[in-house]
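Student: A single structure is presented below for examination.
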């Protein structure tokens, strides 16, 4: 199997060597490292008018959708369901197109027992998501219930490069490693999204690789935020379990704060860097779920090790240590973390995320 190439970063950018990692060339490692930032805006969707003989509402653009219009499209067969984007315990996500148009979006379908009070509560929480307008937040277009199928449908922005979870597992399957430069851009994007949410008094609550999406141009976006997991479980009549990305204070039953999202970000970045979940140490026998939660609470936080052919910068290692501080009072919020030297460096360093993603998904 061919290995992913290593592209060297032009270090004539004025930043100290302390802030940049320079993985040594090692064909056996197959490290993925790309340069030059390209953050192009997403191409605007072509506006289309409703057909005269159509009785179903057809929007001119996706932002024109609302809950009622989405319900009409779902009920009257106005949506073409394309390929699956992901499956979970309580639902799925599919790529969709509005019939008669080229408008593409993602539809999340969640199991939903017929409980009117819970349905109304969840729709209220989802309206908060719709009000968010940030390049680092996935756009939400509308939500509706299909009581005949016991489903909640949520229409949202389609991100062509997929989730960080899918991206790093694709790199791993090809014998590669995701390098520090793409991780730096991802960290900046996630922190920018969290900072935006924090300004609006919203805590994400579920930062993990599958909830960090990237467009084909490399724009980082957060999804699935601000909605109570307990509410979703109650509505679906299921229990999806405790997320292993939860901060220790949350696993222990303590309150959730914005710094809890920072722990989850640190764990996510370390997982992608290592190509595996950081707990327990490599070589340990697979733990039972309750054992893993106990390990996260009671054992020291993981450290990012240096490996043959891979040199992580001291600044990146320090960033992860700050994120994974078990004392939540010492763990900063997203605005403070945006000032960390490692993140500040990657705010300006050019990393061609579009090319990185093209290589990841090329055959």
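Each Cβ is built from the backbone N, Cα and C atoms, and glycine gets one as well.
Copying in the features that Swiss-Prot gives for the protein in this structure:
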- 206: active site, proton acceptor (ACT_SITE)
- 85, 86, 87, 88, 89, 90, 91, 92, 93, 108: ATP binding site (BINDING)
- 79-343: domain 'Protein kinase' (DOMAIN)
- 234: phosphoserine (MOD_RES)
- 238: phosphothreonine (MOD_RES)
Student: Mind checking which of 85, 93 has the fewest other CB atoms within 10 A of its CB? They're the binding-site residues.
Tutor: 85
Student: Counting across all protein chains shown, how many other Cβ atoms sit within 10 Å of the Cβ of residue 206 (active site, proton acceptor)?
Tutor: 19
Student: Which value does the mean pLDDT take for the domain 'Protein kinase' (79-343) in this predicted structure?
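Tutor: Per the prediction, mean pLDDT sits at 89 for the domain 'Protein kinase' (79-343).
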Student: Let me spell it out: for each of the binding-site residues (87, 91), count the other Cβ atoms within 10 Å of that residue's Cβ, using every protein chain shown. Which one has the most?
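Tutor: Buried the deepest by this measure is 91.
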Student: C-alpha of residue 91 (ATP binding site) to C-alpha of residue 206 (active site, proton acceptor): distance in Å?
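Tutor: It is 16 Å, counting Cα to Cα.
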Student: How long is the line from the C-alpha of residue 85 (ATP binding site) to the C-alpha of residue 206 (active site, proton acceptor), rounded to the nearest angstrom?
Tutor: 19
Student: Calculate the distance in Å between the alpha carbons (Cα) of residue 206 (active site, proton acceptor) and residue 87 (ATP binding site), and round it to a whole number.
Tutor: 17
